[in-house]
Amino acid sequence: GPLIHFLPSASGMSARFAIAAVIGTAFGIALEKGRVFEPMIIRQQMSWQSLLMLKMFLAACMASLVSMTIASLVSRKMFDSARKCRGTISQVVVGCSILGAGMTVSGACPGTILAQLGSGVTSSYITLLGGILAALVYTKFKDVIDAPFKSNFGLKRGFLEERLGVSFFLIAVPLAGVLFVTIAALEYIKPWYTEYSVDQYDYFPSMAARAWPPYFSGLVIGSLQLPTVLLLGKALGCSSPYERVAAYIYKKTGICKSDYVMKLTQRKFDNLWGLFLLGGMVLGASFSSLYSGSFHEAQSLPFVPSFLGGFMIIIGGRIAGGCTSGHGISGFSSLGIESLFSVPAMFLSGTIVALCFF
């Protein structure tokens, strides 16, 4: 079990929730400082007018690969418990395509909604509302929604290093090196501070700065994978807690009491830790934006795209079994075969929607 289990059961559970909240707080700070939570920056990335989001995402993947490698060497048991196969290839491609399109429409993803809430982005409340509705729909009709997407196209589920017959280290470390070179090339082509107006002498590592280099924020996010795995036995992910919230709504109202709802509402760590993570993200983004004086400065989007996009990102993330963090960062850095299809699907669909409609 998690390394924190050396504590007595009650205090150990409380400590793990506290750790999840602290990790979430750091996650929220990094998202806010990276500015990638801003709706227009997400849209501009999908239309390739900006590279801020891509740099932060690749840096997070790189650091997560290193974190997972360290975890595999420190505690193989914890490493194995944190990795999981997330859906079939059909689910991942379809779900992440819906998710990517929704990111362009709403200017958000399941994780950045929390940073937007904490940073005073008015439209984030509408995006969250759309997301909760999507979670309610998916939780109630999960079997019907997932039924058409059972195919894995003949590929056996599992992890890349198992299929290639090599160690995790031999794939993860060179892949992290490739990502490092890619980030350096992108930064050379288009320095981050040319895209976001900041005082170049006050961007790192000051908490008072309005922005940090996106690759540094990404490194912080990816590095959080290490304590998440070793202390909690989990991997970073932001979309499943929405489904838990929907299940709690169903249980409290008595509208739906299916076995699946009962499973999601059991009072155990697996069901609750993500809520502490997401709550910490709101607090972290709020602290960061208030401290730097950037609270409520990011541009909001109108009601319809915020609500519709919010619905799309959560329904897509749940169909896929993960979102930009669950699949894109954690799944990718776990070398999950299905997760390798997630990022191309997200960016391709998001780009098509951005070029056609925005």
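Glycine is treated like the rest: Cβ placed from N, Cα and C.
Feature annotations, reproduced from TrEMBL:
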type	residues	note
TRANSMEM	13-31	transmembrane segment
TRANSMEM	52-74	transmembrane segment
TRANSMEM	124-141	transmembrane segment
TRANSMEM	164-186	transmembrane segment
TRANSMEM	272-291	transmembrane segment
TRANSMEM	303-323	transmembrane segment
TRANSMEM	335-355	transmembrane segment
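The stretch in closest packing with the transmembrane segment (13-31), judged by the count of Cβ pairs under 8 Å and taken from 52-74, 272-291, 303-323, 335-355, is 272-291.
The list of residues near the transmembrane segment (303-323) in space but at least 6 beyond its ends in sequence, with Cβ under 8 angstroms from a Cβ of it, reads 86-87, 91-92, 94-111, 113, 123-124, 126-135, 137-138, 142, 145-146, 149, 237-240, 242-243, 330-331, 338-339, 342. Taking residue pairs at least 6 apart in sequence, the transmembrane segment (52-74) and the transmembrane segment (164-186) share three or more C-beta contacts under 8 angstroms. Sequence-distant contacts of the transmembrane segment (335-355), counting only residues of its own chain at least 6 positions beyond either end whose CB sits under 8 Å from a CB of the stretch, comprise 43, 46-48, 83-89, 91-93, 96-101, 103-105, 152, 155, 157-161, 163, 168, 171-172, 320-322, 324, 327-328. Residues 16-18, 20-33, 37, 111, 114-120, 207-208, 232, 234, 236-238, 240-241, 244-245, 297 of the same chain lie 6 or more positions beyond the ends of the transmembrane segment (272-291) yet place their CB under 8 Å from a CB of it.
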